[in-house]
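Remarks on the structure that follows.
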Amino acid sequence: MGLLSIIRKIKRKEKEMRILMVGLDNSGKTTIVLKINGEDTSVISPTLGFNIKTMTYDKYTLNIWDVGGQKTIRSYWRNYFEQTDGLVWVVDSSDLRRLDDCKFELDNLLKEEPYQTVRFWLNTSAGFLLTQPSLFQKCSCPKQKPAHPQFNGDMDDKLDIHVIKCYKIDKRLSGASLLVFANKQDIQGALSPNEIAKVLNLDVMDKSRHWRIVGCSAYTGDGLLEGFDWLVQDIASRIYVLD
Amino acid sequence: MDNQQALPMAADNVSIDPTIDPTTQRKHAAMMERLSNLHQSRVSNKTNPKDPSFESTQSFLSAFTNSKQAIESSLAEIQQIPDSNPNQDLKPDLERISLSISDLEKLVAENSYFLPPYEVRSSLKTISDLKQTLDSVTSKVKPRKKFSFKNKPAKKPETATVLAAAATKNESEHQSSYKVTDAPGFRSKENEVLVKEFKGSEVGEYVLTDLTNCEVRLKGCLRTLFINRLQNCKIYVGPVLGSILIEEVEGCVFVMASHQIRIHHAKRSDFYLRCRSRPIIEQSDGVRFAPYRLSYDGIENDLKESNLFDDTGSWANVDDFQWLRAVQSPNWSILPENERIETVKF
């Protein structure tokens, strides 16, 4: 039995989906999440760090990771990529000046570039164990020291800890469905979803990724369900093939 | 650093009691032996003079810069050649450069374990830049490959160029498509008093950009406000239902009410705010905050309509995204009461 089929089985049981919300600051990510969860959206501070919301949607459980979009914390987005089933990219359709930034960050996000991974290994009689699995729960835990070509170990003699840093090509988002929310459609002068799609040049992804753009307003709630319906259906058809 | 982080968590896991049973003890002893062997081999590795690893950022950086410059200069040379001598075959040169770039990449990978993350990132960036330059030089310099099936008409390259041309055309259309539809606002003014009154609910976004020594009065409710590149301006704004985004301002005074306020790259500016959520600053310094002080006919109504009538005191709870510590950020402060302006009326 392959690893993939095992993962599929586990996921089928839980019917869980992990969704990552990203986008520039001021695009309305947190507002979208709170609105769709039926919460008060009148007092929302710019997100410092991230919020996690777990909600039931149709027959699935969505784990939505809403990550802050301020410039200083964008470099941390990569830390949230692991096991992402669906990606939601939120665009402020009324912010014409920063559309270039928006395109740059989206391209950067989807680019498969090398990233640094750090793992701690503890040498015990039972072989190598990954320490603090809660911190690195998404890492696999092989029984042997990984034979990575770029392996660089560092060892503490007393505690026998190996710190392993290596570079991997980032393919963690390569299977994820992409939903682009052209938010703030209720504001006069906002660009239409079609125009946003052109500016972001989404068409080039036709062959490599399932994607869709949906106009919405987190303020009124228009379009949010349409977007999430598509995303959840698309993920479900990929992961829960036999349903 | 990583070691230190790992120490406390590991301490719990290592606690193997040697008195428990002989098997464990034996295993433990074996492990210790294996460890010391490992350590030995590491030590001997390190002292080996042939080993090219030099664990200092300085020496890595100088080696890196040297080879980077060498690559750059040979790239520049190649770019010059085709003008003078178009028939010269440059393929081996290009391949050599490509090889030295991958050598450079290997160098970074080999040394990545001791380099600070910033150096790793910037080195990787440099390498990808070099690769891009190489690609562009290659496409410029290299003679087009001859297509081997001679009987077929060589249409492919033509359509490719046509497509590329279409793509660039599209690109330029994209560029223009969103620059034509400019949002309403005040742009590129100097030494002026700019007044605008918003009525009814048809007002969407508004933009203030490239203003110097201006006074701006925006009366009435609006949905969202973008502010960019202001110098020595006074900005008075009625309630904003959505958010305000401020970038690159210097020596300004802002009196504004909004649900969300984000301030980037601000210097020496005072903000008199009413805000439902916490205002944030990023890459700013010398910014000071005070409560909202604005009055015009009907402002109470506008504030109530926008749900901004009550002062929640949020104006003083500023988040500095570059100061994630418990102590007060040095980049912002509360404006002392004796330095605050009088309520602005218009």
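Backbone N, Cα and C atoms are what each Cβ position is placed from, and that goes for glycine too.
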A:Gly23, A:Leu24, A:Asp25, A:Asn26, A:Ser27, A:Gly28, A:Lys29, A:Thr30, A:Asn183, A:Lys184, A:Gln185, A:Asp186 bind GTP per TrEMBL; candidate in A:Gly68, A:Gly69, A:Gly221 listed for that same site: A:Gly69
Please report the distance from the Cα of A:Gly69 (GTP binding site) to the Cα of A:Thr30 (Mg(2+) binding site), rounded to the nearest angstrom. 10
In the three-state scheme derived from DSSP, which category covers A:Gly23 (GTP binding site)? strand
Are there binding-site residues in A:Asp25, A:Ser27, A:Lys29, A:Gly69 whose CB lies under 8 Å from a CB of chain B, and which ones? A:Asp25
Which number gives the other C-beta atoms within 10 angstroms of the C-beta of A:Asp186 (GTP binding site), all protein chains shown included? 20
Distance from A:Thr47 (Mg(2+) binding site) back to A:Ser27 (GTP binding site), taken between C-alpha atoms, in Å: 11
